[in-house]
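So that you can see what the record holds, here are the features copied from TrEMBL:
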- 24-42: transmembrane segment (TRANSMEM)
- 63-86: transmembrane segment (TRANSMEM)
- 106-127: transmembrane segment (TRANSMEM)
- 134-158: transmembrane segment (TRANSMEM)
- 173-194: transmembrane segment (TRANSMEM)
- 259-280: transmembrane segment (TRANSMEM)
- 319-342: transmembrane segment (TRANSMEM)
- 383-407: transmembrane segment (TRANSMEM)
Amino acid sequence: MLPPNARTRWLNGTCDSSVDMELFLHYSLIPSLFIILVLSFLQRREQRRERDDVYLLRNRFGMVIPLDFVGTFSNRWSYGIAFGATANKVMFLFSEGYQPLLFPQWAQAFVLLIGGIEVGLSHFPFFACLSSEFGLVSSILGFSYSLIWFVVTILYIIQCPHGQFVGSYETVMFYWPSLLCLAFLLGRFLHIFAKSLRVHLGWELQTEEKPFLEAHQAEHVRQLLRTRPRQERNKSWFQTRIYEWDPYFQFPSRMIGTIVLAFICLYLFIVIEFCVFVYVRDALDVFEGELESYITSMNQTGTPALLQVKELINISKEVWVVTILPASLTCVSYLFHILACYRKHIKRLWAGDKHFLPLKFHNPSSSESVVAIARYSGWQIAYILWGYLIIHVMQSLCGLAITYSLVLPVIHHQALEMLRGLGIGMYGLPPASSCNQRWGQMTSRSPWLSTTGFSAWIGMLYVDHYHTNPVLVSFCHILITGHRQRRLQQTIKYWCLNQSAGPRISARSRTRWLLLQTLINNPELVRLRKSRPGLGSQELTQVLLTCSES
């Protein structure tokens, strides 16, 4: 009889679900394209062109921009949660699992590119509906589309909740982050709908459009212009050692989305790694059973070599499971460290300090910096996942070394020999300054600062520095505000002249009066004026000629 866990995995291996998530991803392009067309129809193009099709379309079907990766500070967490809803499909692409048909090796890159475009289009409505200015329509479309994804995912989990590796509730372990993100988006779209409906019914005033200068940027500049320095308050241990909150600084939506997506992808990667571990563990259990049967067939307790192999297998499995937690905590702390480094580096660039950068990165090209914006998020997530795997392997090796050098000698009553060997080892180690020299030689040969990942990080910092520098944005805001005020004053002046109090005067009489005033002020134009047949035209010309001669 199979054990419960194995029986659950065996039953789920024969589970036939009526919901195919890959097939649903293909069919989701139909409502996605419909939503994009509706939002594009509502969006008007800013520039008009003298073309017949523009006149027929009445300047409709503008470009739908889902997210500004540079200067967006509003709805940051909503965009981040929307990125989190795509985590399962992103991991699907990372694992190169998008291969619907058999293609030759040279075409695999194009297949993955098509898969990335399909995944992007299928999740495009989440971002487009969040950023659209037509809140009433976009909230209905976004809520409906999120509800479709939520219901289909729930049906898929209910029909086949278990898996072939972990066993019980394996599917739930994979899909609960996406369900949580979709539930958040449903609530967010309901909030947008309620707010837009109140504005449409006149119960609430329409909020102004996205400001050019954000509130935290203005406060940052105000703090720089203060004559008296702000008094430093006592900082807690957390603020001194770990992180201090800055009320005049906000992370852009791109950083929030990258961190949220990295968190969920890291969790999914750990689950996938544990599934692989379960598969390897079962294979090792089979091998261990065959080894025990071999030992039994020899009618002895076993040779020392076979017993040591069995002991190594058991210790390796235990150490691998134990080191999952410290490796995970290390990568999670590194994600928070990324945010802290981003704020520290961007503030140094705002202050004009580039000493923390190598000389070759002091003046990067604009094209490389713009490309870095597109590369950074994907590369950061890839580095986090590979970093977790490397850290986990290294910690497991360290765990094995500690177990064999400290734990097992005590268990086998060989503590004295262990201490004697440890002393000899410590005596034979080279001095620390020899170690430092070798480490310096290694880092000088392959410095991490020259990696492409670091180049993407620096390019991303420069783009954010140029586009979100509070001093520069405040200066541009002053110029734009002053220009708008001058145009407004001119408009009011002309409007007052046209709408002055008094009897209404026809446009023809006003034109004749302006003509008379022009001819009186410029007598030489009277002789050059062509006389037109009309009542009083010749008399007016004679009077003007007489006045000019006198």
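Every residue, even glycine, has its Cβ placed from backbone N, Cα and C.
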Top stretch among 63-86, 106-127, 259-280, 383-407 for CB pairs under 8 A with the transmembrane segment (173-194)?
63-86
Does the chain bring the transmembrane segment (259-280) near the transmembrane segment (134-158), so that three or more CB pairs sit under 8 Å (pairs 6 or more apart in sequence)?
no
Can you tell me which of 24-42, 63-86, 134-158, 319-342 gets the most C-beta pairs within less than 8 Å of the transmembrane segment (106-127)?
24-42
